[in-house]
Amino acid sequence: MAMFSWTSSEAINGMYIPSALLIFGTAIVKKEWLPYAVALAAILSGGKVFSNRQRKVLNPTEFQNFELKEKTIVSHNVAIYRFALPRPTDILGLPIGQHISLAATIEGQTKEIMRSYTPISSDQEAGYFDLLVKAYPQGNISKHLAGLRIGQTMKVRGPKGAMVYTPNMVKKIGMIAGGTGITPMLQIIKAIIRGRPRNGGNDTTQVDLIFANVNPDDILLKDELDQLAKEDDGFRVFYVLNNPPEGWEGGVGFVTPDMIRAKLPAAAPDTKVLICGPPPMVSAMKKATESLGFKKAGLVSKLEDQVFCF
């Protein structure tokens, strides 16, 4: 039998010893006081009992400061930024498919600048969130991030966005991503695979991804995507490059309707297409999907749209 000291501060089955002592002592003095003692003990110990539960920290209306914990260089202009949450057990509380806003005051700008990013981490990982960001010459927030030092903070607000993925919302999903447009796709892909029957879920959604980039070095997270495709026969990825290397077996040039027809599911009521990338690419993909029989994408995407643009 496990032994304990009445003066110990360790928890027993979620209740701290002083509370247990209060109940025991009350029961000895007068049994009818016992319910009140139990209630009081619950109040006294509540802070400890609930302190280890996961807490969602995002606020949709107010910016909060999060400290840069790590910075991993991916390429000459791409890095993964890891920001710490207030407590190790905290999670962002970001629905799958949604994104967050980052804000900063940039030198030379009269107003605070805001940009939206989708974390590549999920609420499965507590205590931090990761952002994959490419620094552009004219990108105010991306350049600001690139200049952040470990220990400095970034203002974050969210969640936001019309897309909220739920298991089996459609039978098939086709994805078209360009550059850092891969981030919301990866978030959804990983959620689907986590929810497979073999992992204790019921998600049987089939996913096909076309991922377009300029050069081989621009293919972000390729190793992770390849590993996911290897492990899950319900996920397939097809790479497209403007400047392919010798012996390249993927697509070449821009994403065309013929590529979409060959690599993504055909238009059907139980099929959805997700698009994310540079504005010119998104515009071209809207036209391409419409030409293949998908419903015309709206100016502002809604969750129920057959073609959804992030």
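Note that Cβ sites are derived from N, Cα and C of the backbone, with glycine treated the same way.
Keep in mind it's a predicted model, so treat the numbers as computed, not measured.
According to Swiss-Prot, the features are:
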BINDING   146-161, 172-209  FAD binding site
DOMAIN    61-166  domain 'FAD-binding FR-type'
TRANSMEM  32-52  transmembrane segment
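The DSSP secondary structure for Ala146 (FAD binding site) is helix. DSSP gives Ala191 (FAD binding site) a helix state. Of the listed binding-site residues Lys160, Arg198, the Cβ environment within 10 Å is emptiest of other Cβ atoms at Arg198. Within the same chain, the residues at least 6 positions away from Pro184 (FAD binding site) whose Cβ sits under 8 Å from its Cβ are Gly97, His99, Thr118, Met163, Leu274, Cys276, Phe310, listed in sequence order. Over the domain 'FAD-binding FR-type' (61-166), the average per-residue pLDDT in this prediction is 95.
Around Ala177 (FAD binding site), the same-chain residues at least 6 positions away in sequence with a Cβ under 8 Å from its Cβ are Met185, Leu209, Ile210, Phe211, Ala212, Ile275, Cys276, Gly277. Summary for the binding-site residues Ala146, Ala191: the Cβ-based neighbour count within 10 Å is maximal at Ala191. Thr205 (FAD binding site) falls within neither a helix nor a strand when secondary structure is assigned with DSSP, and so counts as coil.
Once Cβ contacts within 10 Å are tallied over all protein chains shown, the binding-site residues Thr153, Thr205 are led by Thr205.
With DSSP states grouped into helix (H, G, I), strand (E, B) and coil, the domain 'FAD-binding FR-type' (61-166) comes out at 7 helix, 46 strand, 53 coil.
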